[in-house]
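*Asks:* So TrEMBL says this about it:
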- 1-12: compositional bias 'Low complexity' (COMPBIAS)
- 59-70: compositional bias 'Pro residues' (COMPBIAS)
- 1-82: region 'Disordered' (REGION)
- 591-629: region 'Disordered' (REGION)
- 324-349: repeat 'WD' (REPEAT)
- 350-390: repeat 'WD' (REPEAT)
- 391-430: repeat 'WD' (REPEAT)
- 431-461: repeat 'WD' (REPEAT)
- 471-510: repeat 'WD' (REPEAT)
- 511-550: repeat 'WD' (REPEAT)
Amino acid sequence: MEGSASGSSSSATPSKPINLPGAQRRNADSITHSQPRPLPTPGPRSIVSPIQNLLPSAPASPPTPAPSPTPHKQRLPSWSTANDGEDAFLREARPHFSRLDSQERQRFLAEILNLCNSQQLSFVLNYVSPRLKKDPFKSLPNELCLRVLSFIDDPKTLARASQVSKHWHGLLSDDLTWKKLCEKHSYRRLSGAGVLPGSSYHSDVSGLPHSPQEAGFGGSSNKKGFQSEITPQNTVTPRRRQYLSYKSHFKQRYMVETAWRTGGQAIAKHITPDQGVVTSLHLTPKYIVIALDNASIHVFNADGIILRTLQGHMMGVWAMVPWGDTLVSGGCDRDVRVWDMSTGENTKVLRGHTSTVRCLKMSDDKTAISGSRDTTLRIWDIEKGICLNVLVGHTASVRCLEIHGDLVVSGSYDTTAKVWSISQGTCLRTLSGHFSQIYAIAFDGKRIATGSLDTFVRIWDPETGVCQGILQGHTSLVGQLQMRGNTLVTGGSDGSVRVWSLEKMQCIHRLAAHDNSVTSLQFDDARIVSGGSDGRVKVWDLRTGMLVRELSTPAEAVWRVAFEDEKAVILASRAGRTIMEVFSFSPPLDTSADTFHGEGEGSPERSSGIYEDGGHMRDDDDVPFPMRS
């Protein structure tokens, strides 16, 4: 009762403030604050704003569970309001910033940036940089853009530029840019009307093994001599899509040139069980033909798959020349034989020479000219199988000959070269000046080049027979010659290869190519390929004279090397056996005449640029050509 009375009196009578000393008052306050307070009842005036809760004087209210969901108007949680303080600040700052003028905005941003550390400033830089990029080609007419692009001669730069945006990709699809780039890289068109002739292509088709008859020709009477050590990987040879634009032409040529420098693959390798000297090698769009001193002629298709062996010569075959499906051969048995390589049939046997047939050429599909150790040349009608003319004048073996139009030029061991008329069957002029046997000759209709045992190379005018120049530098027999335009490349038994300018009659490059004789030599507009008796095959840059690479592994000796744009064939001796290797430098087959999608390690590097116009680089943007490091 007393307690209740006191309680009621205390509630009825207001308490008076009691003045306590400072220490006692602080203790009383701590006791009061330590006691739990009753939870406030929610009401329109009792809700405390979040900002008030953050004030130091406001006591923190304990967390309360969310109210149970009601069936009326359920509301999903909003993650955007998770940081209410930040959103409230942004809501207030955004309109405030928009009301500022330019100078005030700059001052405001400067103050904000001064408060940032290096990591935050780096974030700002990465965020702002793409928005500051402007596409210069958007502000210029297309003609001026193409003019700017015409000064770029690096294909890798153009490849990356084509992936910057759709607009850039469209500009770089213009054929004029690629035409000028083809001219800068000396990628000449091979035919008129903007269309290149189709060439044989070796597609990547694996898992198609060849039968023993195809690969090793051990089970057929007309396929013997070679055994396949490595099955050719590329077995399907579709025609390459014709090039309809300079862009596709440049892409294909660029990929081939890159493969010659760093790529390529051996698609076939054949071994003969017996040791035979390879005397002749010819590479055509349809066939690979080799002749040996054991009377055999082996015919392969363009992929290096053996087709047949031509048998008929009784002694070594030392000369042959193909023309389409026709092959004309000659050798130590003194016969000249005509073959149909598509069937293997020996269609004609031409007799008349009294000694070894040493050289053969064809002026057209019906006429062949042979040179022999019997000192004569014979002109044959291979269709009728008759001798049309016997060219008499040399006093020693006819070692080499070349044909251009109606003229044939022969080189002999009698130290002279002679110019003959095929139609008339007469000697027009004799070229005298060498002091020893002539072993090699080149003739392009304007100039005649002869290489001799006297170490000199002489240049002649076929019209007058006058010696226009004497090229000195070799120290031994000059047995390899090839002439293209104003460039002459020679190879000698001293192991050196020399590049000459026929305009200045000067040596441009002196290549220490091999440790022994140069046994094979060929060049085109871009490269020189040489083989030597040291067993090595080397590729050289024609323009700089620098060594590009070595093909294949070293052998005991290299007999012959021949190449075309996308293929090289090597005949060498290893472990007492003759080996044929076929290398392909063909790019992947196009699915489109104008586009190429970079894949794998051959893809160009992707640009990280992004322009204000939304020109994002896309993964499916076309790449003009692949790039290899």
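Just so you know, glycine gets a Cβ as well, placed from its N, Cα and C.
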*Asks:* What else in the chain is close to the repeat 'WD' (511-550), if you only count residues 6 or more beyond its ends and a Cβ gap under 8 Å?
*Replies:* 186, 188, 257, 260-262, 281, 476-477, 479-482, 484, 487, 489-499, 556-563, 565, 568, 570, 572-573
*Asks:* DSSP-wise, what's the residue breakdown of the repeat 'WD' (471-510) into helix, strand and coil?
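*Replies:* Helix, strand and coil residues of the repeat 'WD' (471-510) number 0 helix, 25 strand, 15 coil.
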*Asks:* What does DSSP give as the helix, strand and coil breakdown of the repeat 'WD' (324-349)?
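*Replies:* Secondary-structure composition of the repeat 'WD' (324-349): 0 helix, 16 strand, 10 coil.
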